[in-house]
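Listed in Swiss-Prot:
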TRANSMEM  89-109  transmembrane segment
TRANSMEM  118-138  transmembrane segment
TRANSMEM  203-223  transmembrane segment
TRANSMEM  232-252  transmembrane segment
TRANSMEM  263-283  transmembrane segment
């Protein structure tokens, strides 16, 4: 990988990480279309350190409040009823499924899961699920905690059951094409949360798992047998941070007044286009895969 490829892939990562369209799928597809070698799961994980740093900065006040309340709850039992402390505990709970599955399925994540046929399928299927969840969330049910008519839930309503279900939804994102935010936002909408609450919790929930995965995969970058060098990876991570911060701000403003319909149409369209390229022979399912 050279610096130009690193810049392009960092831009793709930053622009798509927080949108429900799957950044890992876009990195895989972009490299295949450009005729570049698949950047691999390790490169994806490391560049996500940049986008998660954007989350840390964007939500710094929320995160500081949650961490402080959680820390106090370790020694003060009464603090465990505090909404921020409970959110901290539930983020930990929700991280367990993807952590366990990520270790168990590591070989599949770095191999078979990156097949472009599987990615095309998950783009379409999860797009339809997101569309169904968004329709369910907006079918005449008011948004807001204080509405007298079946109000949708906000983060203060988060329960142990919901936290675990959020975590299970996040685990699906181990397959490129699913989208971490797409899976968890869909899960949140189906559980009855507002669009804004589902998105904000999705971003918070991703942080421990994504940062841990990125740090773990640092060992795969820049070594003698590594496919990706340090220079392009660092550049890609920085570009992902800058564009990711802008994407968070835009996305949260967008969903406060609009539906996920454009993302649903985009996912389905991209999946169908990818299938047509595969069937027509313009791309092979393992395009860009390293030999061996």
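Using the three backbone atoms N, Cα and C, a Cβ is placed for every residue, glycine included.
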Are the transmembrane segment (203-223) and the transmembrane segment (89-109) close enough to be called in contact, which here means at least 3 C-beta pairs under 8 A that are separated by 6 or more residues?
yes
Quick test of the contact rule: Cβ under 8 Å, at least six residues beyond the ends. What residues does that give for the transmembrane segment (263-283)?
19-22, 29, 32-33, 116-117, 119-124, 126-128, 130-131, 134, 177, 182
